[in-house]
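Here's what Swiss-Prot has on this protein:
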- Glu94: active site, proton acceptor (ACT_SITE)
- Cys344: active site, S-methylcysteine intermediate (ACT_SITE)
- Cys114, Cys118, Cys121: [4Fe-4S] cluster binding site (BINDING)
- Gly168, Glu169, Ser200, Ser222, Ile223, His224, Asn301: S-adenosyl-L-methionine binding site (BINDING)
- Cys107-Cys344: disulfide bond (DISULFID)
- 100-339: domain 'Radical SAM core' (DOMAIN)
Amino acid sequence: MSEKKINLLDLDRKGLRALFTEMGEKPFRADQLMKWIYHFGVSDFEEMTNINKVLRSKLAERCVIVAPEIASFQKSADGTIKFAINVGQGQEVETVYIPEDDRATLCVSSQVGCALECTFCSTGQQGFNRNLTVSEIVGQIWRVAQFLGFVKTTGERPITNVVMMGMGEPLLNLKNVIPAMDIMLDDFGFSLSKRRVTLSTSGVVPALDILGDSIDVALAVSIHAPNDELRDILVPVNKKYPLAEFLGGIRRYIAKSNANRGRVTVEYVMLDHINDSTEQAHELAKLMKDTPCKVNLIPFNPYPGSPYGRSSNSRIDRFSKVLMEYGFTVIVRKTRGDDIDAACGQLAGDIRDRTKRLAKKRMQENQISVTMD
């Protein structure tokens, strides 16, 4: 039985240099190879003209360059494109391309499904299947860049920003997420600034500490509630790592990071009469007063069977004004791609429609109190 070939997309530069050394080659060949793969989108060794023919043959015998395929895509009226990426065994993850002015952001998945079961998130209701490999994470970027068009003569790439905000909790897949982000940041990889790579987490605190010791990228934190009582319902991982513990981890990360310029982005989904009262805005401001941050208010994007509604513009505006009175920078996120279910919280692969009856049942089970202001 022939030995399984190494997928070079699974190796960061350190891993590639080790491979070349083991093959009896100079480590700098790894740099050349990465440039072909990530700058020019080349997957055929024969096209790598500055690598000698003997080495190209050795690579072809032992290695492959294989990214997961695009199974389908949908394009929104606003230019957003949602890709279904086939990761094998009948499984798909979703990747979203968001163009805006002079930037083009790719929202990348880290897991098939998600184990955290956030009650406002469609992916969280799908359940967890498995972690994605390094090649399946960076392969999303590589494949979408190929779809959009690498400019092979210049090495220009069509993606300027990557956010680890797709399906899954990145901190539950650190083994593969860290080398994948290394490739994103590497000058011979996707060559993105550390301020242009953002990881979003719901608060797996021990893994956040490991992340801070391993790599420096921008951090977004999913808060979504101003107190533990409500967050236990909306973000169940809070029962294990409550807000005080999460905020401590965030401050430790900020202290180590240059990418965040001294503050993180707080993500707060706006759920109608659930977490959007002016009293809760005051509570959130007091909660975050010792954690340098800007606040990103995210209008809720409904999905079939969701027990929640989107906050009205007037409630979002009042909430925002309270936070600004405390000196916070507040951004209300534009909803992009909601006509193709590509907006925040809507990514769920094969998740099926839930009925209104199920939504009502979930609301009753969680005993969520509704604010009346």
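A Cβ is built for glycine as well, from the same backbone N, Cα and C atoms used for every other residue.
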Recorded S-adenosyl-L-methionine binding residues, Gly168, Glu169, Ser200, Ser222, Ile223, His224, Asn301 - maximal Cα separation rounded to whole Å:
19
Taking just the CA atoms, what is the gap between Cys118 ([4Fe-4S] cluster binding site) and Ser200 (S-adenosyl-L-methionine binding site) in Å?
14
Same chain only, sequence gap of 6 or more: which residues have a CB within under 8 Å of the CB of Glu169 (S-adenosyl-L-methionine binding site)?
Ser110, Gln111, Cys114, Ala115, Leu116, Thr201, Ser202, Val204, Val237
By a simple count of other Cβ atoms within 10 Å, which of Cys107, Cys114, Cys118, Cys121, Ile223, the recorded positions in the record, is least packed?
Cys118
Rounded inter-Cα distance in Å - Ser200 (S-adenosyl-L-methionine binding site), Cys107 (disulfide bond):
11
How big is the Cα-to-Cα gap, in Å, between His224 (S-adenosyl-L-methionine binding site) and Cys121 ([4Fe-4S] cluster binding site)?
12
Report, as a single number, how many Cβ atoms besides its own are within 10 Å of the Cβ of His224 (S-adenosyl-L-methionine binding site).
25
Sorry to bug you, but what's the C-alpha spacing from Cys121 ([4Fe-4S] cluster binding site) to Ile223 (S-adenosyl-L-methionine binding site), rounded to the closest Å?
13
Along the domain 'Radical SAM core' (100-339), what average pLDDT does this model show?
94
Measuring Cα to Cα, how many angstrom lie between Asn301 (S-adenosyl-L-methionine binding site) and Cys121 ([4Fe-4S] cluster binding site)?
9
Using all protein chains in view, find how many other C-beta atoms are within 10 Å of the C-beta of Gly168 (S-adenosyl-L-methionine binding site).
29
Residue pair Cys121 ([4Fe-4S] cluster binding site), Gly168 (S-adenosyl-L-methionine binding site) - Cα distance, angstrom, rounded:
11
Could you give the Cα-Cα distance between Gly168 (S-adenosyl-L-methionine binding site) and the residue listed as 'active site, proton acceptor', in whole Å?
10
Translate the DSSP assignment of Cys118 ([4Fe-4S] cluster binding site) into the three-state scheme.
coil
Report the same-chain neighbours of Ser222 (S-adenosyl-L-methionine binding site): residues 6+ apart in sequence with Cβ closer than 8 Å to its Cβ, ordered by sequence.
Cys118, Ser200, Thr201, Ser202, Gly203, Val235, Glu267
